[in-house]
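Notes follow the structure.
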């Protein structure tokens, strides 16, 4: 199946498009303020809530499959002695990847206006556990600097290192300024948060951090594109 070589591009492009679609619907219906709401705010009310849930559930499955392909690639390179990584690390990282993908699905299915605690738990899985996935994946990538096959360039490795390292600062920046913004908010609706509602500058810093963190994770997956060029996936049916 040749399409697997384009999977990093498909995953990244799909997630960006999903955000644009739900954002456009929410703004069109005047359910959110046009200037960068939180990602989840664009799926808080109907009809965009239904679209948000559907799109991000599909996105979670695409993400999980894409990370599984990476797992099988690393597994093959361990078995063929292309890299000297211990197999346990590959198993740990794919478990973290599946948990992060599940978190995306939880965020999609439980809106902040229905069950906030579960929604926040899903966000923690997606962003928090997802960050650990990318940290370990970056460390695994260092083994490919000297691999016989599928060797990566130092530029690719440094790009992954930078993308991984900025996740934690973005995570804490988003949480810190989000807390400060809610303390100063005195408007009627969080979804329609504007300059007159108080804490707006803090709100923007928090929102920008969330968007950059979200895009950062999928741009990281995009860096797998070159390695996926040499991977083929097959499906075999056996009848007895």
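Heads up, the Cβ atoms here are built off N, Cα and C, so glycines get one too.
Lifted from TrEMBL, the feature list:
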DOMAIN    5-230  domain 'CWH43-like N-terminal'
TRANSMEM  7-28  transmembrane segment
TRANSMEM  51-71  transmembrane segment
TRANSMEM  92-110  transmembrane segment
TRANSMEM  116-136  transmembrane segment
TRANSMEM  157-180  transmembrane segment
TRANSMEM  200-222  transmembrane segment
Remark   = Averaging the pLDDT values of the domain 'CWH43-like N-terminal' (5-230) gives 94
Proximity verdict for the transmembrane segment (7-28) and the transmembrane segment (200-222), three or more C-beta pairs under 8 Å = yes
Contact between the transmembrane segment (200-222) and the transmembrane segment (116-136) (3 or more Cβ pairs under 8 Å, separation 6+) = yes
